[in-house]
Amino acid sequence: MSVTSQTSSSGSAAVSDCHRGIIDISGPVPGYEWEPSMTTEPVRGRVWTITDGVFRTLAIEGDTGVIAVDTFWSPGSARQYRRALQSHFPRKPVHTIIYTHDHLDHTGFGADFAPDADQILAHELTAEVIARRSSDGQLPATRTWSGERLEVSIDGAEFELIYPGPTHGTGNTALYFPNERFLYMADTVFTGPTYNIVPDFLWTSWIPNTRRLLGLDWDLYVPGHFWRLSRREFEADFELWDATAACALDALRAGVDIDNFADVKKFTYERMDEPFGSRTFRFDEFAAINVLTHMVHYQTGGWGLRDYEPYSNEPFKTTLPQRLGSPL
């Protein structure tokens, strides 16, 4: 969608009327108005995946309506997400939104996507951040859950929500479909090191907590970015991050100057290029940045209490201890 800045009678540019998240600036936000094209593809069973080529999410077809996961990253992409679902399910409105975590680029624009949804379900940790933030366009949760696991039965669809502990963002929740044997999670595992530079990756706990999901029975992983992965590709991402952390520690031991990125990059290539460089998506762009991020973590001690919450090495098992029914 093209964006045109309208001018008021006084000659000054009018402020864009789209939802603005927490961007507190005067003038239009053209990036938020842009409406990227969307691709909708079947996954397994009742589940579909929708992507703009970078961001990816799920929609679950119910008997009478649609259960949508997240809202996409901007007002424009949220509107396109809505249109994609309307095109594929013209007689089934979105009645439920499930939030994976609090970040605005995934759950920030429900007001543009499905303002009339009957319910928005989120982990209580996610819901608390959203309520306190009061971001323009991010709708508050109407139903919350707590703990690690919740079986969900909504409108004929059944799946499980799993909060493995602190990983990235707040309350980041995986969706597990035991009958279809696949898993979805936003912003933790995907091909390459692309976005793990985002500040609130909790380096102490995110790898052991996310690894717990390997205890479940699944062979397909749908990430919140880029393309689907096999179970082996999911495991390979941890190998990359274990090597990244080890490289950062070795760099500190070797006296590499944390303030000299050229030296950090040189050290990263010496240690990681041979095993990972040619087979890792966007390695050249992000590998050294992530080594630097780990170095800062080790040097500063991390994110305080958030980075030192207890975590578990106990794998999840395919059991369903708690159930959430739906009034729908």
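The chain as shown is numbered from 1 upward.
Note: Cβ is positioned from N, Cα and C throughout, glycine not excepted.
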Return the residue out of H88, H95, H168 that Swiss-Prot annotates for the same Zn(2+) 1 site as H101, H103.
H168
I need the CA-to-CA distance for H101 (Zn(2+) 1 binding site) versus C247 (Zn(2+) 2 binding site), whole Å please.
29
Measuring Cα to Cα, tell me the gap between H168 (Zn(2+) 1 binding site) and H225 (Zn(2+) 2 binding site) in whole angstrom.
14
With a 10 Å radius around each C-beta, find which of these binding-site residues (H103, H168, H225) has the fewest other C-beta atoms nearby.
H225
Give the three-state DSSP assignment (helix, strand or coil) for H225 (Zn(2+) 2 binding site).
strand
